[in-house]
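Following: one structure in structure tokens, then a few remarks.
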Amino acid sequence: MNIALFGPPGAGKGTQAKELSKYYNIPHISTGDILRANVRDGTELGLKAKQYMDKGELVPDEVLIGLIRNRLTEPDCETGYLLDGYPRTIPQADALTGILSDINKPLDAVINIEVSDDELVKRLSGRRSCTCGESYHVVFNPPEKEGVCNACGAELYQRDDDKEEVIRQRLSVYNEKTKPLINYYDDAGILVNIDGTGAVDAVFADICKVMDQFK
Ligand code: AP5
Ligand code: MG
Ligand code: ZN
């Protein structure tokens, strides 16, 4: 099954994708996680991306398009994929259509997780992240042991871009550059809207109802 999770920063894409990837046994491809891993490793890509990420800006399209092409042609995508955080601009979406046509794996659905701006700010300002890709919330989704990842035992950290002023900038970039993709995929007939305001488990169940159609 070939799915993209879509939604503003803090909608719960990463939280849901982690679980969905295990449940359906398809790779979770988060461009944000790939970029952060490159920042940590100090690669050339990471050094370039960091300048944009720290300001809440998008990393240039040509960088992301090359990255996603490489990732989608890896063997674990044979059985499908779950995109998280890509595409984020019209040129990225157009490039994706070309890549997916080359590998004959067109998108089955784009699942748009809807959450209000006030709730997004609360979620992002209380988020605690792990280098393994898990994310928690100090109030809404705390780890079993404070400051420690349930999945891998590593110490949790607060992302540099989860500061209030950067959060506002990310939301504004989303509204300007990414939100137009809702119409883009609605016109393509593959957009499904999901209410992302319920509890994590409730949102998961709603997404499964959609994904089950493509098993
Ligand atoms: P990225 O890492 O993709 O960040 P984002 O889109 O801003 O999304 P987030 O990861 O912040 O939110 P999420 O939806 O995953 O929410 P989460 O599940 O963690 O991108 C970061 C940066 O990288 C970008 O700004 C850009 O610079 C660059 N980048 C990445 N991809 C790019 C691309 N394609 N093009 C260009 N640049 C790119 O949940 C958030 C919080 O809410 C957590 O604390 C969680 O515990 C909590 N929560 C989740 N669900 C619920 C719930 N149902 N109820 C209550 N709390 C919940
Ligand atoms: Mg995320
Ligand atoms: Zn972890």
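Placement of Cβ uses the backbone N, Cα and C atoms for every residue, glycine included.
On a predicted model such as this, the values are computed, not experimentally measured, just so you know.
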Quiz item: According to TrEMBL, which listed range is region 'NMP': 30-59, 120-149?
Solution: 30-59
Quiz prompt | Nearest-integer angstrom distance between the alpha carbons (Cα) of Cys130 (Zn(2+) binding site) and Tyr136 (ATP binding site) | solution = 8
Practice problem: Given the binding-site residues Glu57, Val59, Tyr86, Arg88, Arg159, state which is nearest to Gly10 (ATP binding site) when distance is taken between Cα atoms. | Solution: Arg159
Quiz prompt | Close approaches to the region 'NMP' (30-59) from elsewhere in its chain (Cβ under 8 angstroms; 6 or more beyond its ends) | solution = 13-14, 17, 67-68, 71, 84-86, 88-89, 131, 133, 159-161, 166-170, 173, 177
